[in-house]
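Enquirer: Look at TrEMBL and you will find Glu175 tagged as active site, proton donor/acceptor. The annotation Zn(2+) binding site is assigned in TrEMBL to His25, Glu28, His126. Residues annotated as domain 'Succinylglutamate desuccinylase/Aspartoacylase catalytic' in TrEMBL: 16-201. For 211-292, the entry in TrEMBL reads domain 'AstE/AspA barrel-sandwich hybrid'.
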Amino acid sequence: MYSMTLHKVVCLPRLSRVAVCGGTHGNELSGVYLVRELLKEEKKAMEEEEEEEKPVSVVLVLSNPWAIQQCRRYVKTDLNRCFTHASLNGPLSDSAPYELIRSKELNTLLGPKGSPEAVDLVCDLHNTTANMGLCLIAYSDCDWICLHTFKHLQASTSKESYSLDSVGKHGFAMEIGPQPHGVVRSNIYTAMKFGVQHMLDWVRFFNSGFVDVFTMVKHIDYPRDSETHNIIAAIHPQLQDRDFCLLHPEDPLFQTFSGETLRYKGKEPLYPFFINECAYYEKGIALSLARKRRVMIPAIRVQTEQEQQASEQGFGSEEEE
């Protein structure tokens, strides 16, 4: 059973500016090295006068330079949590953390968020220690631009899930693992490069079809000692590295340090992801669980100039009322 049935063509504006961002978390190195490589290629093309007018302008960004320099996830606070409207529009104090300052700089460069001037699509590059393969994380399960991108990449066994926020009109994170933080693995870097190249390829054409979406249901913490709150169990060996493999009630979930197996007590089968993610220990998250559903996405095409002008005129009329 599909979530929705849409037959009409959805007309969307041309995607003229795309941002590829690496190093939002400074110790997730595939995106850092990929953006650096793409910047080198861009510079070489300009020096060799190969630069020509392109249908898509790509903005390459190293999002958190200080954290990259220190090879840390963040300097003071998670940059990924600094793009709310309240954070971006609020005043800065003298003691404001570096990431909050940087989020405002990125909002100026790629936004302003929610404005017509914002970039059309943001691709934020991340690594995970979990065995998630190439996973695409969207802000919404009805953002047709992102879902068509996902469909194009799904042949490479990518997954879809939930996401956080973006300063662009559309945005998603490309999360690839397993890769330990602070190192770069050739196969993971190559998979990310493949994903970015195919994402940019998709921007040049549109198609339609179905896409599988994983919608987050809840997080599960590690079992803890009631007095000390210390962790008393690890992810069960039968679950470790099985991101996006269906977890049934009574399946092994944790193994205590004394050897006891603790089983999943949920009422329905769900899909685990971010299993044993290193960066989430501080958040009290051992894994997240999601439901899988299939979404029908409509055929889309670029608006004609006349349609875009009519749309802008209609928007102006609504503001006058």
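Glycine too: its Cβ is placed from the backbone N, Cα and C atoms.
In TrEMBL, annotation is done automatically, which means it is predicted and not curated.
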Enquirer: Under a criterion of Cβ-Cβ distance under 8 Å and sequence separation of at least 6, what residues of the same chain contact the residue listed as 'active site, proton donor/acceptor'?
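Expert: Within the chain, the residue listed as 'active site, proton donor/acceptor' has Cβ neighbours under 8 Å at His126, Asn127, Thr128, Met132, Cys135, Leu136, Ile137.
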Enquirer: Using the Cβ centroid of His25, Glu28, His126 as the reference point for the Zn(2+) site, which residues of the same chain not in that list have Cβ within 8 Å?
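Expert: Output for this site, in sequence order: Gly23, Thr24, Gly26, Asn27, Gly31, Arg73, Leu125, Asn127, Thr128, Glu175, His181.
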Enquirer: So which one is it: of the binding-site residues His25, His126, which has the fewest other Cβ atoms within 10 Å?
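Expert: Counting other Cβ atoms within 10 Å of each of the binding-site residues His25, His126, the minimum falls on His126.
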Enquirer: For the domain 'AstE/AspA barrel-sandwich hybrid' (211-292), DSSP counts of helix, strand and coil?
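Expert: When I sort the residues of the domain 'AstE/AspA barrel-sandwich hybrid' (211-292) into the three classes, I find 6 helix, 34 strand, 42 coil.
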Enquirer: Show which residues of the chain containing Glu28 (Zn(2+) binding site), separated from it by at least 6 in sequence, have their CB under 8 Å from its CB.
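Expert: Looking at Cβ-Cβ distances below 8 Å from Glu28 (Zn(2+) binding site), excluding near sequence neighbours, one finds Arg73, Leu125, His126, Asn127, Gln179, His181.
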Enquirer: Restricting to the domain 'Succinylglutamate desuccinylase/Aspartoacylase catalytic' (16-201), what is the model's mean pLDDT?
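Expert: Per the prediction, mean pLDDT sits at 88 for the domain 'Succinylglutamate desuccinylase/Aspartoacylase catalytic' (16-201).
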